[in-house]
Amino acid sequence: MLSAALRRRVLAPTHSALRTGFAAHVVRHYASFPEHQVIKMPALSPTMQAGNIGAWQKKPGDSIAPGDVLVEIETDKAQMDFEFQEEGVIAKILKDAGEKDIPVGSPIAVLVEEGTDISAFEKFSIEDAGGDAAKPAAPKKEEKSESKSESASAPEPTPEPQQYQSQGRLQTALDRLPNISASAKRLAREKGISIDGLKGTGKNGQITEEDVKKAISSPAASSAPSATYEDIPISGMRKTIANRLVESTQTNPHFYVTSSISVSKLLKLRQALNSSADGKYKLSVNDFLIKAIAVASRKVPQVNSSWRDGNIRQFNNVDVSVAVSTPTGLITPIVTGVEGRGLEAISSQVKSLAKKARDGKLKPEEYQGGTISISNMGMNPAVDHFTAVINPPQAAILAVGTTKKVAIPAENEAGVEFDDQITLTASFDHKVVDGAVGAEWLKELKQVLENPLELLL
């Protein structure tokens, strides 16, 4: 019973992955408790070392059936669902919703057979489940030596690392925030009063509105008001974005090539195609750009490559990672096989992936990989042009600015006419792409965008 298998909406694992990986997350126990199984924090992505507990979909006493979602887990990549494929009853929740940085392998819940008395697990603890898994290795801090008077006494056991000493439980960043009521916090922010060091007179030492008022009236507060700020917790996705971009800027020697592209013909073609679509599709400028990237990459394949240990991998297919801004951060879903797709298919795929990204429902195979990227900020009229950071291990990314009306010479009475232009800036990894190759790729991109009928061939 309950050889539980893991299935996620975001990625259905292979049978071999279930056989080798899931067993580590469900452990059968007997001891002084009725027969039960400990459910542990699973590794829901290849790089996941710890996760945050989201909303529990089951509570103690609830039955769980095949395919039911047990709990939402935030990984270093996205919000994912943790599901079981067999039945049982939840006897105990060991990690509450909102708990953060729980190492993979740590106990999070207890599962029993139908009919088991779950009241027997009322006092079941993490220790009864074998304890939390070790956290990812961190630099060790030097221990301060004991005073001479203490060293003369009998030796004491080696103390645990400081980060685990918090009155018997792990102290999170949220635990270290000042204990302050909402009204007091609001008043302190309005009056520019620092709550650091304020002594609370409320229940359990909570800082009250009255405490803040006293601080406002004190001479120190009136003479030297301190700056106010708010510390915002960092999500798993934010950490991943930060780590990958730091890695990219430190290991990829970027160089940039910029060109102004006339898109007047492209805009007219787009308007004509959309007008004749009868609502079946609505093409965007970005759809044309994605297709143009594939055309240029087939003509200059060195750009559609990545740096690997000992070799440069040049891809035959063009899978374009499209940067999408979501409430939790930037993610790059992939339009695969762009070289073989038409504009309508590209448009449909981009819209579908963007919606999934904003809803947090992308599967890992929909955002992991890609051979080249595009980042479009053209919807913001203030952005003429910008440079983008390469998405490793790719070797190139195209940054797209907004469309501008530019006066150009013309053989008419005024001597000028206005042309719709976009400034494109390509970032290249110089380990993979030489300057002349990058320039050639941008030339091919310019050629096809300024003659957009070629995209229909």
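Residue positions begin at 1 at the first shown residue.
Glycine is no exception: its Cβ is also placed from the backbone N, Cα and C atoms.
It should be emphasised that the depicted structure is a prediction, and the values quoted were computed from it without experimental measurement.
Straight from Swiss-Prot, the features:
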type	residues	note
ACT_SITE	His430	active site
ACT_SITE	Asp434	active site
COMPBIAS	139-149	compositional bias 'Basic and acidic residues'
DOMAIN	36-112	domain 'Lipoyl-binding'
DOMAIN	179-216	domain 'Peripheral subunit-binding (PSBD)'
MOD_RES	Lys77	N6-lipoyllysine
MOD_RES	Lys148	N6-crotonyllysine
REGION	129-168	region 'Disordered'
TRANSIT	1-30	transit peptide
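Sequence-distant neighbours of His430 (active site) (same chain, 6+ apart, CB under 8 A from its CB) are Asn252, Pro253, His254, Phe255. Counted with DSSP, the domain 'Lipoyl-binding' (36-112) comes out as 0 helix, 39 strand, 38 coil. Per DSSP, the secondary structure of the domain 'Peripheral subunit-binding (PSBD)' (179-216) breaks down as 21 helix, 2 strand, 15 coil. If you take the C-beta of Asp434 (active site) and look for same-chain residues 6 or more apart in sequence within under 8 angstroms, you find none. Here the domain 'Peripheral subunit-binding (PSBD)' (179-216) has a mean pLDDT of 82 out of 100.
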